[in-house]
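Engineer: Below you will find the structure I want to go over with you.
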Amino acid sequence: MPSDIEIARAATLKPIAQVAEKLGIPDEALHNYGKHIAKIDHDFIASLEGKPEGKLVLVTAISPTPAGEGKTTTTVGLGDALNRIGKRAVMCLREPSLGPCFGMKGGAAGGGKAQVVPMEQINLHFTGDFHAITSAHSLAAALIDNHIYWANELNIDVRRIHWRRVVDMNDRALRAINQSLGGVANGFPREDGFDITVASEVMAVFCLAKNLADLEERLGRIVIAETRDRKPVTLADVKATGAMTVLLKDALQPNLVQTLEGNPALIHGGPFANIAHGCNSVIATRTGLRLADYTVTEAGFGADLGAEKFIDIKCRQTGLKPSAVVIVATIRALKMHGGVNKKDLQAENLDALEKGFANLERHVNNVRSFGLPVVVGVNHFFQDTDAEHARLKELCRDRLQVEAITCKHWAEGGAGAEALAQAVVKLAEGEQKPLTFAYETETKITDKIKAIATKLYGAADIQIESKAATKLAGFEKDGYGGLPVCMAKTQYSFSTDPTLMGAPSGHLVSVRDVRLSAGAGFVVVICGEIMTMPGLPKVPAADTIRLDANGQIDGLF
């Protein structure tokens with residue numbers, strides 16, 4: 001089969017106005033970026049306020065493995081399949097970060113015959129949203145140092161500035177730096193560092209804001225430093241929010257593109273799935289719901305991280321509620337969770353599959369604990385055997401009373417996911433229960449952490465290190481105790497040990513640090529080592545990306 005980029009390049013794309021017509025978006029509401037990309041105007045989005053909303057479908061997954069699950073591919077394939085069976089459907093996805101495109105991951109726009117296009121533009125610069133977010137974040141950093149340089153009227157303690165700088169690139173050399181060197185004219189020297197743009201709180205705020213006014217208000221709440229007497233200093237205090245909002249004004253308009261089958265997709269925002277909530281923008285999701293029968297969206301990593309945050313943070317803040325949840329699994333990944341080495345995954349192994357099923361089982365039960373109906377989408381790989389698929393369906397039916405559906409959208413496009421689409425419609429249009437959360441926000445922050453660890457991760461208890469405990473007490477004292485929590489831990493395990501696969505139980509979840517994201521509206525709980533500025537691997541994807549003799553991009557996935 002051709003590579004993803006070869007498939008994408010061979011596709012005949014529709015003019016973006018034709019794609020917009022499927023959602024009833026008029027030409028005058030589009031700001032075109034070439035022939036196949038457009039932003040949807042703020043005024044048109046505001047005019048949709050009060051319209052009835054369609055069904056929301058959340059796509060999540062088992063705990064990821066190096067074998068791959070194909071969550072974005074399934075999201076795209078399901079959206080295409082829903083359109084094929086007569087439902088007006090739109091997909092809502094996160095924008096890919098530039099850094100990982102040149103690092104380990106390569107491009108991120110689905111795969112095979114279930115892709116969003118134009119692939120090259122989506123992966124490289126797109127409409128400039130991430131550049132706008134980087135610029136807004138950098139402006140805030142400049143204003144903070146400028147305030148300190150010119151008399152420091154807010155009495156900011158230069159030892160307690162929390163606002164690091166950002167760049168949308170994997171660059172380990174920037175993780176820790178010394179700034180303002182070279183003399184008095186350059187400001188006050190201090191230690192600083194860079195994160196990747198998707199780790200910026202501006203990105204999280206961008207993706208949770210309801211509109212421009214809400215964006216500016218949330219930016220103003222971001223705590224960027226402390227005073228000498230340990231009082232919080234916000235971006236509003238340094239008068240940064242107006243100019244930052246101006247930089248973000250156009251970026252906040254959702255981006256409209258299409259799938260290989262010409263169906264609409266909204267790709268907008270892209271926060272980290274560990275130190276942030278890992279979902280596309282609220283504005284894009286709401287826009288999709290008001291224009292389509294079905295809006296299919298995904299949440300980052302496995303259901304223990306992505307789906308939990310989608311519900312406990314995004315749904316809690318916005319009132320959204322999924323009508324159905326798809327948990328993506330693969331035979332390969334379940335065998336890895338059952339102890340099989342990656343190099344041995346091609347061999348049939350029903351025993352390992354059954355052992356690894358414990359991971360899927362816990363994810364299904366966790367999602368059901370929120371009151372949501374679930375179906376399992378089994379992403380088919382050509383090495384899978386019929387016996388393995390039959391055994392997985394049997395396990396799902398007998399032990400979970402849930403349907404598992406084999407999907408072949410990677411090879412067949414939407415036609416390969418029609419059975420999954422029919423199952424999703426049946427769930428979404430069936431009986432719905434009230435949405436429940438893993439915890440109530442009125443409880444103490446430590447109780448919220450414990451609720452997630454014990455209810456969803458299978459942990460016996462939590463262990464909070466002294467530095468984190470001191471900071472939590474400060475958050476409670478400063479009035480932030482009512483915020484939800486955003487767990488930052490390894491995506492590869494229910495525990496904080498990435499090598500502990502399957503469904504471990506009885507472990508301790510150790511809390512190393514906590515961070516306040518007051519603008520986004522949550523407390524980040526850091527369990528283990530979390531990297532906010534990735535590095536490049538020994539052989540980065542950038543090594544093989546080039547322009548060919550015809551000026552076409554080669555090597556991008």
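Using the three backbone atoms N, Cα and C, a Cβ is placed for every residue, glycine included.
Feature table excerpt (Swiss-Prot):
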BINDING   T65, P66, A67, G68, E69, G70, K71, T72  ATP binding site
Engineer: Mind checking which of P66, G70 has the fewest other CB atoms within 10 A of its CB? They're the binding-site residues.
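Structural biologist: Candidates: the binding-site residues P66, G70. Fewest Cβ atoms within 10 Å: P66.
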Engineer: Around the C-beta of T72 (ATP binding site), how many further C-beta atoms are within 10 angstroms, looking at every protein chain?
Structural biologist: 22
Engineer: Within its own chain, what residues at least 6 apart in sequence put their Cβ under 8 Å from the Cβ of T65 (ATP binding site), listed in sequence order?
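Structural biologist: Within the chain, T65 (ATP binding site) has Cβ neighbours under 8 Å at R332, A333, M336, H337, Y492, M501.
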Engineer: Reduced to three states, what secondary structure does DSSP give K71 (ATP binding site)?
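Structural biologist: For K71 (ATP binding site) - judged by DSSP and reduced to three states - the answer is helix.
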Engineer: Sort out the sequence-distant neighbours of K71 (ATP binding site) for me: same chain, 6+ apart, CB within less than 8 Å of its CB, listed by position.
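Structural biologist: Same-chain residues close to K71 (ATP binding site) (Cβ under 8 Å, separated by 6 or more) are V59, T60, A61, E298, V328.
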Engineer: Taking only same-chain residues 6+ apart in sequence, whose CB is under 8 Å from that of E69 (ATP binding site), what do you get?
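Structural biologist: Listed in sequence order: A61, I62, V328, A329, T330, A333, N379.
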